[in-house]
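*Asks:* Reproduced below are the annotations present in TrEMBL:
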REGION    1-44  region 'Disordered'
COMPBIAS  9-19  compositional bias 'Basic and acidic residues'
COMPBIAS  30-42  compositional bias 'Gly residues'
TRANSMEM  129-152  transmembrane segment
TRANSMEM  158-179  transmembrane segment
TRANSMEM  191-213  transmembrane segment
TRANSMEM  219-244  transmembrane segment
TRANSMEM  274-295  transmembrane segment
TRANSMEM  302-322  transmembrane segment
TRANSMEM  342-367  transmembrane segment
TRANSMEM  417-439  transmembrane segment
TRANSMEM  448-468  transmembrane segment
COILED    469-496  coiled coil
Amino acid sequence: MLAGRRRRGEGARAEREAGGDADDDDDVGAGPGEVGEGGGDGAAAAGAHRGPAVVVYMLNNVLSISTQIFSGHLGNLQLAASSLGNNGIQVFAYGLMLGMGSAVETLCGQAYGAHKYEMLGIYLQRSTVLLTATGIPLAVVYAFSRPILVLLGESPEIAEAASIFVYGLIPQIFAYATNFPIQKFLQAQSIVAPSAYISAATLIVHLLLSWVVVYKVGLGLLGASLVLSLSWWIIVGAQFVYIVTSPRCRLSWTGFSWQAFTGLLEFLKLSTASAVMLCLETWYFQILILIAGLLENPQLALDALTVCLTLAGWVFMIAVGFNAAASVRVGNELGAGHPKAAAFSVIVVTALSFIISVILAVIILLCRDYISYIFTEGETVSRAVSDMCPLLATTLILNGIQPVLSGVAVGCGWQTFVAYVNVGCYYIVGVPLGVLLGFKFGLGAKGIWGGMLGGTFMQTLILLWVTFRTDWNKEVEEAQKRLNKWEDKKRPLLADDHE
């Protein structure tokens, strides 16, 4: 095993070799600094990173959707139970784990740009330790999901069925704890296509296993959720094998180290800020569904909102890919000490995402009278969806900008600031305004959605103002301070005594 000082000495040569290997793959964007002062490669680098990242997030989303479909064919009760388990209990753990894993995105992106490759593996392990510890209380919540759901007002029958489904998702919690740090570790090095291939292969296995376990073996809801957990562990195992065996990770992965158990408090602070930032965003539109359920005609409102938010969710995955591209490019350039390249990357990625979101919004408006028939044959629901399409189009445009700016925030390490912005814009402005318009002014679901869009619009304006007034030279200095602060010098677990 090479020592850290030898790795730094060989960094430039090894990076060139890795770059040569990477030329044969389509998942590697420009390395840090290749954008340069002119930024000529910025769009290409962002596009190369964004495409596979979008595929990864969409395929992983399909895992959960397909599980709900298999469960739904067991009966209406099973469909309700799996939907409640996935969209209620499970989304809480997903948002928390993904958010905490974003700390790796900040630190690994900046360390990679600064050529401190050996620290990427340390950050990966450190995050995995913290997320695994976080998973323990989450597992307790899953175990007591039945009384929790009853306490929240669900019927005992649905709560009982949902709890059976949730029990099978307990192993998934700890798969999340490993997967998200690994995913961010690879993304920081612009290694994204392998994750896309792994997710695609896993989806095929997942569909086959779900069919066998749910219908042929007859394990029902519990079998469906256990297969979902197993599929996530397949993704984790395959990605880890890639990290250990790929020459492209030979500098960033140097083996298990005791350093994973040091500096946990500071790492926890950044992880917690990341989790709060993302959870506040993830749960925001879930609240829209809950509030809409209190309207006089909740079934029609919920049906129309479900169609619109499902469409918004699929399109949102494109913005998530841009989010990853923005975070990685900005983090790499700041770590490499290239402030102009970082600023140019922000402009390129934001512009690309905005253009695509506008095109998709126009398509939605043109198809507003027909698009709901993908989900339902009801004319009443179709008219309600058509009536909401202007709000949906506005949501798509804002979602084309806001996630990218959040990605920039992660790349710069601004998670705490964005968390405060999210609290103010979403929960102090957006939710009360939505309730006021929906109930006081009688605008119903459109009023609730419109008010909450007001919160999103305010948040987007604040992030735009902050991002484009940023002193990027100062951000480079802050990135260097952060890396110097957390660059430990301790020995790996399996260090050679004769190094």
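Note that Cβ sites are derived from N, Cα and C of the backbone, with glycine treated the same way.
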*Asks:* Which residues, given as numbers and ranges, are at least 6 beyond the ends of the transmembrane segment (158-179) yet have a Cβ under 8 Å from it?
*Replies:* 71, 77-78, 80-82, 84-85, 88-90, 93-94, 97-98, 128, 131-132, 134-135, 138-139, 142-143, 145-147, 149-150, 220-226, 228-230, 232-233, 235-236, 239-240
*Asks:* If you count every Cβ pair below 8 Å, which range out of 219-244, 274-295, 302-322, 417-439, 448-468 shares the most with the transmembrane segment (191-213)?
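*Replies:* Per the Cβ count, the answer is 219-244.
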*Asks:* Give the nonlocal contacts of the transmembrane segment (274-295) in its own chain as ranges (CB under 8 Å, at least six residues past its ends).
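*Replies:* Long-range Cβ neighbours of the transmembrane segment (274-295): 87, 91-92, 94-96, 98-103, 105-106, 301-302, 305-306, 309, 312, 406, 409-410, 415-416, 418-419, 422-423, 426-427, 430-431, 434-435, 438, 444-445, 448-449, 452, 455-456.
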*Asks:* Give, as a single whole number between 0 and 100, the mean pLDDT over the coiled coil (469-496).
*Replies:* 65
